[in-house]
Amino acid sequence: MFRRSKNNSYDTSQTKQRFSIKKFKFGAASVLIGLSFLGGVTQGNLNIFEESIVAASTIPGSAATLNTSITKNIQNGNAYIDLYDVKLGKIDPLQLIVLEQGFTAKYVFRQGTKYYGDVSQLQSTGRASLTYNIFGEDGLPHVKTDGQIDIVSVALTIYDSTTLRDKIEEVRTNANDPKWTEESRTEVLTGLDTIKTDIDNNPKTQTDIDSKIVEVNELEKLLVLSVPDKDKYDPTGGETTVPQGTPVSDKEITDLVKIPDGSKGVPTVVGDRPDTNVPGDHKVTVEVTYPDGTKDTVEVTVHVTPKPVPDKDKYDPTGGETTVPQGTPVSDKEITDLVKIPDGSKGVPTVVGDRPDTNVPGDHKVTVEVTYPDGTKDTVEVTVHVTPKPVPDKDKYDPTGGETTVPQGTPVSDKEITDLVKIPDGSKGVPTVVGDRPDTNVPGDHKVTVEVTYPDGTKDTVEVTVHVTPKPVPDKDKYDPTGGETTVPQGTPVSDKEITDLVKIPDGSKGVPTVVGDRPDTNVPGDHKVTVEVTYPDGTKDTVEVTVHVTPKPVPDKDKYDPTGGETTVPQGTPVSDKEITDLVKIPDGSKGVPTVVGDRPDTNVPGDHKVTVEVTYPDGTKDTVEVTVHVTPKPVPDKDKYDPTGGETTVPQGTPVSDKEITDLVKIPDGSKGVPTVVGDRPDTNVPGDHKVTVEVTYPDGTKDTVEVTVHVTPKPVPDKDKYDPTGGETTVPQGTPVSDKEITDLVKIPDGSKGVPTVVGDRPDTNVPGDHKVTVEVTYPDGTKDTVEVTVHVTPKPVPDKDKYDPTGGETTVPQGTPVSDKEITDLVKIPDGSKGVPTVVGDRPDTNVPGDHKVTVEVTYPDGTKDTVEVTVHVTPKPVPDKDKYDPTGGETTVPQGTPVSDKEITDLVKIPDGSKGVPTVVGDRPDTNVPGDHKVTVEVTYPDGTKDTVEVTVHVTPKPVPDKDKYDPTGKAQQVNGKGNKLPATGENATPFFNVAALTIISSVGLLSVSKKKED
């Protein structure tokens, strides 16, 4: 591919383009040349010719050959241009040819009767020609060896791949939808890539492009919808049998699922886990997930077989109870005899809990364990009620002794002591002092024994405590306060509070100190004693002394030492630091004074004497102040500050050169300065009218420099009108087919006021029957004869195309299960409406009856903003409902005959059910099991469960034949009847039944009952 460059000579959109006729002489021949190269066309008075359209390489003597390396655009001597590349700015016509060194070329396109100077003006597909005019190094048209001007025309095919490329991307987007199979997607995408590579690298015609669009449409039809894995494969659930209480893991369940090879389905338990503590069949739902995310559901059956019932769960023994007086022993046998054990259980009771303590009244629970023959055990409780013995009063009641406090020496009577005893209400106990009376002359705690006598003669003993408190000691004898001391500088007053605060008074004494002696005179150095009296709450007092040490006043450092300030001399402008200033201060040895600058710093830019204040601070915080003098001597003035040169000015006509000397001669330098001027700035460009500033530098003997500016006024040459004014072409818009006059065109040209330019149409008039932009060349002639050229654009708007002809909506399709309603919105959402069309879909045809399986076409009308309408069809595929397995298959129950008393298992019953092949139905006994101890026909209900969860019910008949009657039950031998007391009473039976009549009657009754039972069952 190549880039586009601008073709200045033949781009007719350029304003101010001028054409002229020149006669060039080549040897003995003169040739008239037209610079527009529009072969075979007469324009004005220009006779223009054109070379035959052939490959440049076959034109002898031409400086141009076709660039065959660009295979997409040059093949077999012809040129090809894709308007798609033109829109992207990828086409440069000058790169279609290869020129000899130093040669240049200009080009023009011809398509039909139209000529274009720029590739971007190409709009339509079809045949065209591209003509080049070759110029030599001198810029003149190149003349071949045969005397002909070097003009090369190439046959051009213009095509547009834009629609094809859009279609490729549309199909590519569709193919990448996951709903298609990988194989069909790969086939389509590979085909699209092949087509795109072809059009990206090889030249085409518009017919080729249209054929490729058909190819792309055919490729899209190769896309095949993928079948979900769940519809490809048919996993089945298995079954397992475990004893009651045996746990079953998820893995054990999923391992029972049979998943088809190659499906890569992964089973997961999603239903309730089986409770193996409950015997019976447990269905567990397992979900199989395939790689495409679809899922199947199967059922695994866990058969839980019941475990034998232990004796302890068969029988229910109970504990009894008994009542004994307090202290009466109870043996283990007496306890176990109270346990009621069910007959036939053969359980043996044993006391295993604590034996009852019958010394303690109340209910005592005793644990008894009952052990059965199978080793299992039950536990029951026997209750022994122990009734209490009568309790003596002293054990019923709990009197307590009290306490009292009396001052030392205060007597206490027996009544005061017994009044302190608390005797429970209702006990009627009487207290009496029986121990030693307390001696209250002795401080401390005295214990007194008191005896409480109850009405039943029993007695309790308690103690009463008498606390004897000692007489009080005066505070002044209890406590020992001490005086303190303090040190103050001479002249510092000391308050009474400061003195009393120095007295140390024992904690808890509550003593209050008061100064009672002379106050210290702190103006007198030395030790001063001050008497302080401490008064206690009981009014007693103590006296202590406080010492005040008065120290003489010290002399301040600032009065001891005498520092002095120094001086220094510096040149003007030399800075002086604080340290340099403080270093000039003389501070007495040993004073440890520190100098600090506190006054204004000296401005050394100002000559003269500057006083600076320095403060000296001593260790005791006192300060001295001294002055330091800085003498500033003035510095010499440079030449550039002594003198003031000035720049001058001059006026010259445009284009007149000005030398450096002419410029420096304009600088005025003060006499005596000996300054030398030099031009250092840009020299003035006198080709440009206006004021030009030139920088000149003046250098003095001391090396200093000044800078001034010299002004050169350049007066302009007279400007031709065409260069003074800049007319502009306008534009207008007309409907297709509306004629436009020259005046309407020239009226659109904006000519600057005062220019007096006159516009004239000189280019082709616009063909308004052809929609698009038409450029018209207008020439503006000024009074001085100069001319400007501008372009006027006539926009021809095409007749409006109705929206329904612009856009192509398409109907979609959807699949729903039978009976699923489909709303209008769901239907209109399936219509693909082109972006930007703003079309609104509405269902106008019959709504689909989704109760009827099959394909239903629904008409949808798309209404556009301009009111036009399109009609499309949406297809609703209705898939039939699946028939439940129970309606597909018809299992039948069988029958079997067994002797009376022969047990029949569930499996034997379910094996009699005939289940159709392929149904995968599983039979389960759900009705009452047959009692084979009863002869007759027994109906057993069996439920058949199919993979889809639906169920059928059938009946299996079990015929129970009665056992044969043994001879001993058939016959009844009898002895002679015996008479007792002359009456016909029978003797007690000692063996077989006495009368055959009874046996016959009994058999008759039993047979009747049996027949009734069989008859009833048959009716049931």
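If you go along the chain as it appears here, the first residue is 1 and each next one adds 1.
Just so it is clear, glycine is given a Cβ too, placed from its N, Cα and C backbone atoms.
Keep in mind it's a predicted model, so treat the numbers as computed, not measured.
Database features (Swiss-Prot):
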type     : residues : note
COMPBIAS : 272-281  : compositional bias 'Basic and acidic residues'
COMPBIAS : 320-329  : compositional bias 'Polar residues'
COMPBIAS : 354-363  : compositional bias 'Basic and acidic residues'
COMPBIAS : 402-411  : compositional bias 'Polar residues'
COMPBIAS : 436-445  : compositional bias 'Basic and acidic residues'
COMPBIAS : 484-493  : compositional bias 'Polar residues'
COMPBIAS : 518-527  : compositional bias 'Basic and acidic residues'
COMPBIAS : 566-575  : compositional bias 'Polar residues'
COMPBIAS : 600-610  : compositional bias 'Basic and acidic residues'
COMPBIAS : 648-657  : compositional bias 'Polar residues'
COMPBIAS : 682-692  : compositional bias 'Basic and acidic residues'
COMPBIAS : 730-739  : compositional bias 'Polar residues'
COMPBIAS : 764-774  : compositional bias 'Basic and acidic residues'
COMPBIAS : 812-821  : compositional bias 'Polar residues'
COMPBIAS : 846-856  : compositional bias 'Basic and acidic residues'
COMPBIAS : 894-903  : compositional bias 'Polar residues'
MOD_RES  : T990     : pentaglycyl murein peptidoglycan amidated threonine
REGION   : 261-281  : region 'Disordered'
REGION   : 306-330  : region 'Disordered'
REGION   : 342-363  : region 'Disordered'
REGION   : 388-445  : region 'Disordered'
REGION   : 506-527  : region 'Disordered'
REGION   : 552-576  : region 'Disordered'
REGION   : 588-610  : region 'Disordered'
REGION   : 634-658  : region 'Disordered'
REGION   : 716-740  : region 'Disordered'
REGION   : 798-822  : region 'Disordered'
REGION   : 834-856  : region 'Disordered'
REGION   : 880-904  : region 'Disordered'
MOTIF    : 987-991  : motif 'LPXTG sorting signal'
SIGNAL   : 1-41     : signal peptide
Residue list, the region 'Disordered' (834-856) vs rest of chain: Cβ under 8 Å, 6 or more residues beyond ends. 803, 806-809, 816, 818-822, 824, 827-828, 862-865, 870-872, 875-880
Long-range Cβ contacts under 8 Å made by the compositional bias 'Basic and acidic residues' (518-527), restricted to residues 6 or more beyond its ends, are 488, 490-494, 496, 547-552
Among 320-329, 484-493, 682-692, point out the range having the most Cβ pairs under 8 angstroms from the compositional bias 'Polar residues' (648-657). 682-692
Could you give the mean pLDDT over the motif 'LPXTG sorting signal' (987-991), rounded to a whole number? 35
